[in-house]
Amino acid sequence: MKALPVLVLLLWVCALYFAGIYLFVSGFLLVRLEVNRTSTCGDVLHPAEEPVDFCRVPPRFRRVVLLVIDALKFDFARFDRSNTSPRPYENKLPVLEEAASSRPAHSRLFPFRADPPTTTMQRIKGFTTGSLPTFVDVGNNFASSAILEDNLIHQFGQTGKRLVFMGDDTWESLFPKKFHRSLPFPSFNVKDLHTVDNGILQHLYTTMVGDDWDVLVAHFLGVDHCGHRFGPDHAAMAEKLTQMDGVIRSVMERLQDDTLLVVMGDHGMTDTGDHGGESQKETDAAVFLYSPAPLFPGPPSQSEPGVVPQTDLVPTLALLLGVPIPYSSVGQVLLPLFPPHGQTGGVVGGLSQLEALWINAKQVNRFLETYSSMAEDIPPQSLSQLRAEFSRLSSEYLATVGEGRSPSPELMASLQAYLTSVRDTCRATWAQFNPLKMAAGLSILTLACLVCFISSELSHVLIGDNGPGFKAPVAVTLLAGLCAVVGQLIARGFTEMSWCVAAAAFSSELVFLWRARRARMAGIAKNGSKALKCAGWLMPHRLLTPPLLVALLRCASLLSDSYVIAEGRVVTFLVFSLALYIPIHLNWDHLLLPPSPDPLKSAGLVPPPALSPSTVRKESTTLLSCTGLLIGSVYLSLSFHGCREEQGSCQPSPFLSPLSRLQNSRLKNLHYVLSVVSLGFCTYLLRSCLRHYGNLNSSGGTVLVARCILPLLSVCLGLHWAVSATAEDSFRNLTEFISLAQLALPRAAFCLLGLGLVLIWLDPLTVFVKTRSEYSSRTSTLPPPRYRASTGISPQAELRHLIPQIYQRMRRSLDEGELSAGSEVESGPAVEAYGLGTVYSAPLLLLCGLLGIGLLLLHPEGMALSFFLLLLEMAALLHIHASSTTLSSLQGTFSGGYYVPWTTVVLWSLAATQFFHATGHLPTFPSIQWGAAFVGFPDGHTGTILPASLVTLNTFAAHILFAVACPLLLFWPLVREVRGSRGGEAFGEEGEDAVMEMRLRENPQQFSSALLQLSARYLFIHGAQVFASVCAAAILRRHLMVWKVFAPKLMFEASGFLVSSVFLLVGVTFVLRVDVAVGRWFKRLIPDASR
């Protein structure tokens, strides 16, 4: 078998897709330029006649206490006295309403709106720098690096204020060495509700009564972690919010008149406790402001803002505490905190509303001028309008101050409008794309799809001895990349790697297409009309087949946001429809039922059919039964779908919630029993299949995995579910034991999984061989039947599963042993081989089973039933494919190849997407199941690679399983091969025997070609989906739903393709590893007959 050409070609095709995705994403995802300049006390001038040091002016407040309650949704902060039966998250913070109503001049409660993405790191960055995030920032949430932009923490430190921090350790990585004293606690373990909060409470009150601080930041995480673990509508949320109510009361009692208290949430949460997106439930947090001294001029008025943007906190706190506003802030001061003009006499160091607005406007204008000179991406017309407006406002303000008259309301409104205009302009500017990179990425992806399709249709040419080869494309690729480097150095003085990648990928695609066309024309010239007929694969009638039309329809539908929102159900419908197409198409061709008796056939004038009527009936029954099983599995899988925020009345599946969230003990027990039974059935069916085909008779590593490691892994998983479902307060005496079990059981499962994978790779064969002479040396009685696939099966059934030896010496040995069996046992060295017919599929099947149980470990317990349905659907698809292949042989069109039709490949790829949704996943960031990162690591991680890998494996579990199992589509028709269904001429008189997968070794080139074609077709379907998502994002980049629907869909589709391609290569590489092992086995058995 030609292993290297297959792997090299597949790796190259994947690299082309990766290059196209990389180029498009680099031009599509928004990244703004950071201005690494800082404000100083001399930059911002006090609005007086003579310049003074702004920092030396007495501030309104000397101290500030910033209590950040992570995920403090505004609904949590509201108090409704008329609500007599509140839900667990309602009316649990009465202190906020009590203070706001009883002391309106001292406190206010506002909705606090965050800019998406609503992840903690981006929110901390937003309310400390005052800048706006971009979409690409979401990828940095778990790789927090130090903030380089000017920020409040830096300004507090520069002006000599002593900062004390305690809580979420994200602050420590964002602001390294910025705190006078720091008490960070690990933040990534979302199952831990109390460690961070209790750690803060041990130091918070003692710190407040001391005098060694000016700014105190305490970031509580319990509410956020409670939402992730249990959701907001849970008793644990009521307890945590009640605790926070007591914390706020205690802090308020310890405040002094010169201290400001800010209680705020960084973001909200959905009904399932998640966040990260841009729905109103995720963006609307709460902010509560309080001081023992009067803070507001009076009770709330209509002029006060209904919603406070988070960026507005930055200039407000800066001016209230007497520090410069951070350089890059585009926030607007919160005017109700400043007295009207002329009423500042009773406020020590207080700025009036007009003065605060003027300082804010000067700072924002300075940033605008600096940024526009550096980035040059703000539209000139907008920039000139903003400059003219600020010049007008500056003249009017200076005239008002110089003449000593009261400012007009129009001036105040104009300053606010100017600040709003600058923020809107920056937000629009930072939504600018790089159309050149996007076009380059689209072009490379277009050619990559064409290359992939051609590779699948010309696989026999590419693998052949006279194929186009890889030396020329590799040489051209390197040369084009080098030319791109040199050209950029000459023209621009520096090199951008993306354009080097583009040049290399584009040139290699063109060279491949040119050489593939030459190879095709050479084949036509050599083989004449036969090759010309086979070369018409680009004709419309070959391309517009129903399966490719279904794939094309799905790709086109990705341009619709409604389709993307309802994708789970639509893909389920497409799987259902395409599954029904197979028996309907066979019936249309009169292949589903046995042909009617023909007198010419009985007279011998017409050749008899390839299959007997009984065989046709059996295969048709199998096909229809498996179609019914497939439809049932698809229908039941709808019970495990999640819900998007846009779907309104949709209710997510109860199986998506971990058992620890369920408060009904009966329901919890029922879910646990269903999960364990499903897991047991998966393990039993997998072992039964291997036993049925005689693959559990040897003593190799793979058989050891199937016999021992697989059951042990299932037991560990079941015990882990039982321990995880135990409530924290159920067995107080066993708390330490439960904690140890939560750590040990999943880690033991990971170790068993790793050991199993290593053993399968090192010793993949499941073949057991013995000679008749070995048997006779142990016993003097008559030997058992010559063909034996497994114990407990009749000799007639065993005959179907034991492979008649392909090589002539083995055949002669068997014949000699059979002739002498009744008279002289030791006269012939007959060979018995167990499991040789499934030598490729058996280890691959076991590999998929191990991966499936390992991936199930990363999911909620209820997903075991969904994984069981996935197993049934896989089995049904394989049997449908095998039966349809057998029935198609009635047409007599079998040509000796082993090619998988498009219908099956499209079905297989659609099933992967379908079960992505059926395992509770959605192409949205809030739907990511972050709890997978803590399976086996309840205390969190020290790095980000391992948790990110665990979350990726959880998210794309369906893609992984279907990609690794893809080669089974090539093997399964051979596993279920019916005698005579593939023609007997190729094997002489003994060709009627069902030799199953050993046929593949009779023609290694066809084997390689078929494996390449199957892999290329599978990559083409997934690559076409990525291409469609890229087109949708490019065409609809100004669409209202681009960042809510199309951009997340693109990210998930591209990530899914990356994972699928990697694990498809894993599956193909494993098949090649088995082929090497089979070759060595034959070489040891019969050296002179090995291939």
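Backbone N, Cα and C atoms are what each Cβ position is placed from, and that goes for glycine too.
Taken from TrEMBL as is:
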TRANSMEM  438-458  transmembrane segment
TRANSMEM  470-490  transmembrane segment
TRANSMEM  496-514  transmembrane segment
TRANSMEM  570-588  transmembrane segment
TRANSMEM  670-690  transmembrane segment
TRANSMEM  743-762  transmembrane segment
TRANSMEM  839-858  transmembrane segment
TRANSMEM  864-884  transmembrane segment
TRANSMEM  896-916  transmembrane segment
TRANSMEM  956-975  transmembrane segment
TRANSMEM  1018-1036  transmembrane segment
TRANSMEM  1056-1074  transmembrane segment
Please determine whether the transmembrane segment (956-975) and the transmembrane segment (470-490) are in contact (criterion: at least three Cβ-Cβ distances under 8 Å, sequence separation 6 or more).
no
For the transmembrane segment (1056-1074), the candidate among 438-458, 570-588, 670-690, 839-858, 896-916 having the most Cβ pairs under 8 Å is 839-858
The transmembrane segment (438-458) vs the transmembrane segment (570-588): 3 or more CB pairs under 8 Å: no
For the transmembrane segment (864-884), out of 670-690, 743-762, 896-916, 1018-1036, most C-beta pairs under 8 A are with 670-690
May I ask whether the transmembrane segment (839-858) has at least three C-beta pairs under 8 Å with the transmembrane segment (670-690), counting pairs 6 or more apart in sequence? yes
Listed stretches 470-490, 743-762, 839-858, 896-916, 1018-1036 vs the transmembrane segment (570-588), most Cβ pairs under 8 Å: range 896-916
Spatial neighbours of the transmembrane segment (743-762) not adjacent in sequence (6+ beyond its ends, CB under 8 Å) are 701-702, 704-705, 709-710, 712-713, 716-717, 719-720, 723, 843, 846-847, 850, 853-854, 857, 935-939, 1070, 1073
